[in-house]
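Peer 1: For reference, TrEMBL lists these features for the protein:
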type	residues	note
BINDING	Arg25, Glu82, Lys121, Lys451	(6S)-5-formyl-5,6,7,8-tetrahydrofolate binding site
DOMAIN	217-374	domain 'TrmE-type G'
BINDING	Asn227, Thr246, Ile248, Thr251	K(+) binding site
BINDING	227-232, 246-252, 271-274	GTP binding site
BINDING	Ser231, Thr252	Mg(2+) binding site
Amino acid sequence: MTFASNDTITAVATAPGRGGVGIVRVSGPQSRAMAETILGLTPKPRFAHYGPFYGANGEVLDEGIALFFPGPNSFTGEDVLELQGHGGPIILQWLLERTVQLGARLAEPGEFSKQAFLNDKLDLAQAEAIADLIDASSQQAAKSALKSLQGEFSKQVNELVEELIQLRIYVEAAIDFPEEEIDFLSDGKVAGELQHILERLHQVLASAQQGVLLREGMSVVILGRPNAGKSSLLNALSGRESAIVTDIAGTTRDIVKEEIQIDGMPLHVLDTAGLREATDAVEQIGIQRAWAAIEEADRILVVVQANENIHPEDQAILARMPSHIPVTLIHNKIDLIEKSPGLDETVETAEIWLSAKHQLGLDLLKQHLKTQMGYAQTQEGVFMARKRHLDALNRALEFVQTGQQQLEAYAAGELLAEDLRQAQQALSEITGQFTSDDLLGRIFTSFCIGK
Ligand code: GDP
Ligand code: ZN
């Protein structure tokens, strides 16, 4: 069944700016008629048609390639027209306006993908993987998003759902024959199945956790006095001469955000100028921002100079760190004291000795950060996942565990059946079999326009 929308939607599908080719994509019932009007002929389905694109008065707006995909064999499941013109903003605006003139309305962000989801072309985890693939900031993240897009994650979730359904059927049959219920439930099959499902859930959860880490990355705040070597450390870690530096809008003080990655794990680094006691109001705002960033961080790196005693200012900062945010103390410039690289993770504040400038001990730091986040050595087979997926998996896990306890403690078939039903429902949220409009709205509006 196709989810028929009366609207025909249109959007520029390529990135804004100038490029060799720019694409306007149209989806909906009017796509076919629109193709005939713009091209002056009916394009052969799924064949490239090269020719002029006509405007309202028969003038040529551009020339390029048109592709027509009749539904349901299209990305959205509806009739889809793609106009591939020249990739300039004016041309694309003309083409976009032409499709609006002919009855299309501008698509909302993610609306093509949402249509594909509603028409069962993709499940929800796959649709989310499209956005994650586009947003991927590392090769590993892109690879894993592709895995999810191809259905690897959904397949594992669906297998679990199927096992839960089978077990529910078995348990509910037992409830229907009360005189045999106890035998049914105590024959070991149910307990064995439950154990098996729990193990699978743990496996999928572990893999999804890696996927979330690939997507979200680790966020660290880097602190230290001027000249301690913070910028040098960032550049050395990123393996680039100069890391991408973006100013956070509205900051009055020197907080710089950098995006680097270590072995595929995105690392969001906030480089703050310092947390000295400030008297003037502007500086105080900057300091407040720095503390706010610290509260959100996964870890704080405090950079000090190995050739100097820890400065009282740094000591004061270390003493004020929130207890729930772990701190690593980095003694930089070990070349000046001829010390070897080193790592001590046995103490509450981990310590690392390295030289940013001479690239000594950087692998210790990388390893340390990966270990602290639980980032797996190999990302082979990891699929992309989101926090909402983890949440669903964790809920499913809790329901199955509760069910297991009901069975062990009371041989309570009905309670177990209910827990299994809830676990199944939680898992179904991942692939979108159970979703609210509200959730769909939230997911798809975070997509880019034209996707
Ligand atoms: P920031 O102010 O904390 O960002 O410090 P910078 O990264 O700008 O470095 C300050 C100075 O220390 C620069 O001259 C760097 O070349 C130097 N520096 C950084 N790391 C090292 C190191 O490992 N050894 C030595 N000898 N100098 C370093
Ligand atoms: Zn700096």
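For all residues, glycine too, the Cβ spot is worked out from N, Cα and C.
Just so you know, TrEMBL annotations are computer predictions that nobody has curated.
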Peer 1: Assuming the binding residues for (6S)-5-formyl-5,6,7,8-tetrahydrofolate are exactly those in the record, Arg25, Glu82, Lys121, Lys451, what is the maximum CA-CA distance in angstrom, rounded?
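Peer 2: Output for (6S)-5-formyl-5,6,7,8-tetrahydrofolate binders Arg25, Glu82, Lys121, Lys451: max Cα distance 18 Å.
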Peer 1: To see if you understand the setup: which same-chain residues, six or more apart in sequence, place their Cβ under 8 Å from that of Lys230 (GTP binding site)?
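Peer 2: In sequence order, the residues whose Cβ lies under 8 Å from that of Lys230 (GTP binding site) (at least 6 apart) are Ile222, Leu223, Gly224, Asp271, Val303.
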Peer 1: Near ligand 2, which of the binding-site residues Arg25, Glu82, Asn227 are found, taking a Cβ distance under 6 A to any of its atoms?
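Peer 2: Result: none.
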Peer 1: Return the count of C-beta atoms lying within 10 angstroms of the C-beta of Glu82 ((6S)-5-formyl-5,6,7,8-tetrahydrofolate binding site), excluding that atom itself.
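Peer 2: Taking all protein chains shown, Glu82 ((6S)-5-formyl-5,6,7,8-tetrahydrofolate binding site) has 21 Cβ neighbours within 10 Å.
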Peer 1: Given Ser231 (Mg(2+) binding site) and Lys451 ((6S)-5-formyl-5,6,7,8-tetrahydrofolate binding site), what distance in Å do their CA atoms have, once rounded to a whole number?
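Peer 2: Here the two Cα atoms lie 37 Å apart.
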Peer 1: Comparing the binding-site residues Arg25, Lys451, which residue's C-beta has the most other C-beta atoms within 10 angstroms in this structure?
Peer 2: Arg25
Peer 1: For Ser231 (Mg(2+) binding site), just count the other CB atoms lying within 10 A of its CB, please.
Peer 2: 18
Peer 1: Give me the long-range Cβ neighbours of Lys121 ((6S)-5-formyl-5,6,7,8-tetrahydrofolate binding site): same chain, 6+ apart, Cβ under 8 Å, in sequence order.
Peer 2: Phe75, Thr76, Gly77
Peer 1: May I ask which residues of the same chain, at least 6 positions away in sequence, place their Cβ under 8 angstroms from the Cβ of Asn227 (K(+) binding site)?
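Peer 2: When sequence neighbours closer than 6 are ignored, Asn227 (K(+) binding site) has Gln305 within Cβ distance under 8 Å.
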Peer 1: Could you give the mean pLDDT over the domain 'TrmE-type G' (217-374), rounded to a whole number?
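Peer 2: It averages 83.
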